[in-house]
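K.L.:
For reference, TrEMBL lists these features for the protein:
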- 85-96: disulfide bond (DISULFID)
- 101-108: disulfide bond (DISULFID)
- 12-34: transmembrane segment (TRANSMEM)
């Protein structure tokens with residue numbers, strides 16, 4: 001058998017892995033926010049005009065915890081940290097001392 005016409009299974013596996021690696025980034029980006037502070041932060045997210053929002057626009061992130069976001073390939077926007085936040089558990093209303101988004105809620109809009 002000619003090796004070019006009938007490649008070995010290891011060759012096919014190698015090519016398949018290369019194709020998977022190259023195609024992996026096509027589905028979008030993954031962002032991981034990690035709180036390395038010794039206090040709670042409330043990250044905010046904002047999608048630019050024309051980009052769909054991520055699955056959350058604001059949330060609580062305790063010390064040492066993390067949260068993963070997956071975005072489309074066309075997503076553009078920003079993340080920022082909010083600190084000194086206080087939200088009423090029954091109404092969800094509140095504000096932050098720094099980075100407040102002005103929505104009066106954990107989620108920014």
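Quick reminder: no glycine exception, Cβ is built from N, Cα and C everywhere.
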K.L.:
Tell me the Cβ neighbour count for residue 108 (disulfide bond), meaning other Cβ atoms within 10 Å of its Cβ, over all protein chains shown.
P.N.:
22
K.L.:
What is the number of other Cβ atoms found within 10 Å of the Cβ of residue 96 (disulfide bond)?
P.N.:
20
K.L.:
Between residue 108 (disulfide bond) and residue 96 (disulfide bond), how many Å separate their Cα atoms?
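P.N.:
So the Cα of residue 96 (disulfide bond) lies 12 Å away from that of residue 108 (disulfide bond).
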K.L.:
Rounded to the nearest Å, what's the C-alpha distance separating residue 101 (disulfide bond) and residue 85 (disulfide bond)? Just drop the number here, would you?
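P.N.:
With the alpha carbons as reference points, the distance is 11 Å.
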K.L.:
Near residue 101 (disulfide bond), how many other Cβ atoms are within 10 Å of its Cβ?
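P.N.:
Residue 101 (disulfide bond) is surrounded by 20 other Cβ atoms within 10 Å.
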K.L.:
At a 10 Å cut-off from the C-beta of residue 85 (disulfide bond), count the other C-beta atoms across all protein chains.
P.N.:
18
